[in-house]
Amino acid sequence: MARRVRKRDRLRWSLLYSFACTRPAVLADDEQTPFLQGPGYSRIVHCNQSQLHRKKPLNYSSNYISTTRYNAITFLPKALFEQFRRVANIYFLLAAIISITPVSPFNPMSMIAPLAFVVGLSMAKEALEDWRRFYQDMKVNSRKVIVHMGQGQFGYKPWQKIRVGDVVKVEKDKFFPADLLLLSSSYEDGICYVETMNLDGETNLKVKRSLEVTLALEDDEAFRDFTATLRCEDPNPNLYTFVGNLEYERQVYALDPNQVLLRDSKLRNTGYIYGVVIFTGHESKVMQNATDSPSKRSRIEKKMDKIIYILFTVLVLISLISSIGFAVMTKYDMPNWWFLEPNNTTSLYDPSKPALSGAFHMVTALILYGYLIPISLYVSIEVVKVLQATFINQDVLMYDEEIGKPARARTSNLNEELGQVDTILSDKTGTLTCNQMDFLKCSIAGVSYGVRASEVEIAAAKQLASEASGSPEHHNDEELGKDNVGFYGTSDIELANGITCMVEKSHKPPIKGFSFEDDRLMHGNWTNEPAASTILMFFRILALCHTAIPEHNEETGGFTYEAESPDEGAFLVAAREFGFEFCKRTQSSVFIREKYSPSEDPVDREFKILNLLEFNSKRKRMSVIVRDEGGQIILLCKGADSIIFDRLSKNGRLYENDTSKHLNEYGEAGLRTLALAYRMLDESEYSAWNTEFLKAKTTIGPDREAQVERVSEMMERDLILVGATAVEDKLQRGVPQCIDKLAQAGLKIWVLTGDKIETAINIGFACSLLRQGMKQISLSITNNDLLTHDANKAAKENLSMQLTNAFQMIKLEKDPDAAFALVIDGKTLTYALEDDLKNQFLSLAVDCASVICCRVSPRQKAMVTRLVKEGTGKVTLAIGDGANDVGMIQEADIGVGISGVEGMQAVMASDFSISQFRFLERLLVVHGHWCYKRIALMICYFFYKNIAFGLTIFYFEAYTGFSGQSVYDDWYMLLFNVVLTSLPVISLGVFEQDVSSEVCLQFPALYQQGPRDLFFGWYRIIGWMFNGLSASIIIFLLNIGIFYLGAFRAGGQTADLAAVGATMFTCIVWAVNVQIALIMSHFTWIQHLFVWGSVVAWYLFLAAYGLSSPTISGNAHQILSEALGPAPVYWSATLLVTAVCNIPYLVHSSFQRTFNPLDNHVIHEIKYYKKDVEDQHMWKREKSKARQKTKIGFTARVDAKIRQIRGKLQRKVSSLTIHTVS
């Protein structure tokens, strides 16, 4: 079977490709074998003999991978360590230990049980989340691959069973299970196509080739007696290099990266390959780029620890005061208190040893006043975060119906961090893009074709139309960046002279990759154009100048194309729609099916492929030399306009001015462009050049590519310009709107991609991170072949100078609308991330509106993320979809994985997963804002209520001579945090909404309350602490003042300890629950039930407790029915104290809303008075104010387009005025 496939796949690409496709020669005896011994080059692989690697000294790792934080052995110690990183838990652990001793004022179980419950619940949550990661790992480890079992027989094995040295057979569209050395493929030439999107983010196919000596290993039987030895580099994270030698049949062959297939890349457009395993599991290059799964804690949780320190300091201070007071009382007053039997003492209260008694009382006080530090805070936060995560998971507006995947909060520890993000670091391919481009416009022979408008043009037209109708405000953000079809109406909108936005409804079904509309070129009408011959050449360049392979689609009868770039695919679809269908490729020819008009029969034309000059980021162009059926040799070239224009002949510049004008217009419209040109060659000229070219191609040595480039330059000159193409990048749905909204919310967005610079820049334009008029700062260093110390030093000095010059350029810029974009490649980034330059680089990047890092490795992505996180000290979010993004996802404060169609590595390592980038808008602007404010208010309120409650215990103890007597019954104290105040605070953390989700999206500036930490800054925290302090003082003084001398009952009796304690506790329950009701902006029946139900629960408990046996209730027997209930002073005191306790908050809130209102306060008033319905003009004005000023995003781009159009209109009016006057 294998042999039949190979006969069908006869393409010898090494005869065509100009760069990096000649086969490495055998190292002759007189040549020096590369030095592959010593540190870094010690790996030995015995091919087809995997059993030799399972014992020392080799003993290579298995192919099993794990991304979990824990395992069965480490879970208990690591999870306990995580729990006791929390300061409060350490305190309660010490308190639980002390509670066993006689100095404890409480029963030991009352201290141990709550701590065990809190810690156990948190550990169970960690175990559940890690189990999910383990399950995902097992799915990967259990994938099957075909492995040589011996004697030429192959069978299936799970990935985790593969060992170094195994020969594996990978079939089309399957992932490589480990790093492999390519031995042969279904192509006779030993080449295969590989998609590396999970590694470097690129979707264009890479061509890999085997050594010529292993081509004979073409079927299963050939491996019966196959053995070889491979010596190579040790495991390392570098994806783009590989050094090794293959010893086979007594010859040594040099290996390079072109023979290596990396784990998690995919075999495409190739029937099968055979390969031998080099690196397995965590030694593979993709796993070497991964970092350990970190344990992340939110900034709020870290600040909460500091608050605990403060409260613990207060606790120690008041305990010290209490112990000193107790020691003084014990020494001077206790001998006079005969009723305490001072002669019958213990060490706990001995008048002869007051210091010792004071020390024991210190321990008692530390436990007694422990209610200052809320033990239920952590468990309440855990419950709230889990429920918040559930709401995120169930948000139908973040559910992707196409693939059936919802958003997922894979960890709930970081919910509030979503509302504090400052910088987003995003991958490009698969994250921002869906790898689809549409052919939209073109310029041929100086004439612009294509009447459909781009997204930018449509948005600008709608804005101008809105202004013309008397509504100067921006159109709805939801309309920005919609697909062209969504904007089609019934009329044209004239933008400026020569620029018209066509908005006529199209009923033609959409064609993937082709959105062009212009009857002048369609349906063969181009033959009636004045420059028909030039148009014919334009179409042939589209159909011939590429490296794609056609695949026949049996369902449609047409062809699909495997292209190296999305541009090529769009060009071929366009050529097909124009009547020039690329239908076949052989080793030496390309066949085009040409159809000039619908009434004619198609004609198959053969073009001989003589040479192929590839595209790369340095050349910025691609050429193909063909011989047509008439024997004419033609060079066809496409590339960047600046490159093509520099290579035009004098008589080839006829259309240069018009084409340049069209290119500028296309660029302003957000389209990516290429110029097309050709050159006619005579036979003698080509023969002479081809001799030089073949000589350069077969050069062996480091200067081979330079030689090929030099010879290519000789041919790619004296070109004749034909025209230009304009394609629209097809981003994922909603990406421009999402970026625009995030920019308006004040977030900075960096793009980190493994793609080449040109592609990344074009994507930047498409998603509005870049725009026309934005000044680009490109950081790059020259290519040093010999990376010596002097070369490195020179490169760093060069980069430092570039950074300094860029700083000066930004500093001297006076235009307030000027925006800067920083573009840097991976090699330059290597130097920029070194210690002596990284801070300078970061400072420059922070001053730029956009930052795009290209050709970066996964490790560099993680390093950039760490630099931004540590250098700015602000919350970073990393988002990606492939294995190459795992490092930065784990390094960032928040990692978001895209659960798309390609792999789950990013999702497995992430904290949150979404199916499309556009859902990030709702995840941050809505859920992030809500979760931050909920958690912040919840924690502040927690400390408020515990301070208000705990300090009353201290006041009463001081009032009673530091006796250690609590004013409250033990049951009251136990129920305070667990029952009477727990559910209201949980409802606050789960259901609170200062504004609705729609308002969050309409007023994106609300998001900045999180990064500015308005609700959990020290000013707010200390304010709540003072609120608790004032409440505690009011509660204590008013109750003592009311009950001190006055009669409590109708019979004239005064209140006893039980009555005072119960009344004071009632006041606390009412005060804190009324306070939380005042905090809430959004009420549901659940919140009403929890808040007022907690108050009712207190009375029910008090009644039931009083009805219980006196042995249980003690002094509280019948206290509500007989003592408190009939006493008017009890009810009046409750009402008075509750009202007075909340006066400070009401005064502060009224003052703030009057003189310094927050954005949400303004929105509340507008909504309350229904001005959003009655006064739309004011509502829209307020919406326009509620945006952070930004220089990126669709809004900024449309504003720039409008400024440009207004300038054109103004110049047009001025010229008309001058003409009229003259």
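First residue shown is number 1, and so on along the chain.
Cβ atoms here come from the backbone N, Cα and C positions, even for glycine.
Here is what TrEMBL records for this protein:
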ACT_SITE  Asp427  active site, 4-aspartylphosphate intermediate
BINDING   Asp427, Lys428, Thr429, Glu568, Phe615, Lys638, Arg672, Thr753, Gly754, Asp755, Arg855, Lys861, Asn884, Asp885  ATP binding site
BINDING   Asp427, Thr429, Asp881, Asp885  Mg(2+) binding site
DOMAIN    45-112  domain 'P-type ATPase N-terminal'
DOMAIN    907-1157  domain 'P-type ATPase C-terminal'
TRANSMEM  87-105  transmembrane segment
TRANSMEM  111-128  transmembrane segment
TRANSMEM  307-329  transmembrane segment
TRANSMEM  359-379  transmembrane segment
TRANSMEM  935-956  transmembrane segment
TRANSMEM  971-991  transmembrane segment
TRANSMEM  1021-1045  transmembrane segment
TRANSMEM  1057-1077  transmembrane segment
TRANSMEM  1089-1108  transmembrane segment
TRANSMEM  1128-1147  transmembrane segment
_At a threshold of under 8 Å on Cβ distances, which of 359-379, 1021-1045, 1128-1147 pairs most often with the transmembrane segment (111-128)?_
359-379
*Distance between Arg855 (ATP binding site) and Asp881 (Mg(2+) binding site) at the Cα atoms, whole Å?*
17
*asked:* Nearest by CA distance to Asp881 (Mg(2+) binding site): which of the recorded positions is it, out of Asp427, Phe615, Arg672, Gly754?
replied: Asp427
*asked:* Across the domain 'P-type ATPase N-terminal' (45-112), what does the mean pLDDT come to, as a whole number?
replied: 79
*In whole Å, note down how far the CA of Asp885 (Mg(2+) binding site) lies from the CA of the residue listed as 'active site, 4-aspartylphosphate intermediate'.*
7
*Note down the number of other Cβ atoms within 10 Å of the Cβ of Arg672 (ATP binding site), including every protein chain shown.*
23
_Tertiary contacts of the transmembrane segment (971-991), as residues 6+ beyond its ends and Cβ separation under 8 Å_ = 110, 114, 371, 374-376, 380-381, 383-384, 387-388, 391, 934-935, 937-938, 941-942, 945-946, 949, 1061-1062, 1065, 1068-1069, 1072-1073, 1076, 1079-1080, 1082, 1084, 1086-1087, 1090-1091, 1093-1094, 1097-1098, 1101, 1105
_Selected stretch (most C-beta pairs under 8 A with the transmembrane segment (1128-1147)) from 359-379, 1021-1045, 1057-1077, 1089-1108_ = 1057-1077
*Mind checking which residues of the chain, 6+ beyond the ends of the transmembrane segment (1021-1045), have their Cβ under 8 Å from one of its Cβ atoms?*
303, 307, 940-941, 943-952, 955-956, 959, 1054-1055, 1059-1060, 1063-1064, 1067-1068, 1071-1072, 1075, 1129, 1133, 1136-1137, 1140-1141, 1144-1145, 1148
*Rounded to the nearest Å, what's the C-alpha distance separating Arg672 (ATP binding site) and Asp885 (Mg(2+) binding site)? Just drop the number here, would you?*
26
_Residues from the same chain, set at least six apart from the ends of the transmembrane segment (1057-1077), whose C-beta lies under 8 A from its own_ = 941, 944-945, 948-949, 952, 965-969, 972, 976, 980-981, 984-985, 988, 1031, 1035-1036, 1038-1040, 1043, 1048, 1091-1092, 1094-1095, 1098, 1102, 1114-1116, 1119-1120, 1123-1124, 1130, 1133-1134, 1137-1138, 1141-1142, 1145
_If we skip the immediate neighbours and take only residues 6+ beyond the ends of the transmembrane segment (359-379), which ones have a Cβ under 8 Å from one of its Cβ atoms?_
86, 88-89, 91-92, 95, 98-99, 101, 103-106, 111, 114-115, 117-118, 121-122, 304, 308, 311-312, 314-316, 318-320, 322-323, 326-327, 347-349, 939, 942-943, 946-947, 949-951, 953-954, 957, 962, 964, 966, 973, 976-978, 982
_By the count of other Cβ atoms within 10 Å, pick out the sparsest of the recorded positions Asp427, Asp881, Asp885._
Asp427
_Neighbour-count leader, CB within 10 A, binding-site residues: Phe615, Gly754, Arg855, Asn884_ = Asn884
*Between Gly754 (ATP binding site) and Asp885 (Mg(2+) binding site), the C-alpha gap once rounded to whole angstrom*: 10
*With DSSP as the yardstick, break the domain 'P-type ATPase N-terminal' (45-112) down into helix, strand and coil residue counts.*
30 helix, 3 strand, 35 coil
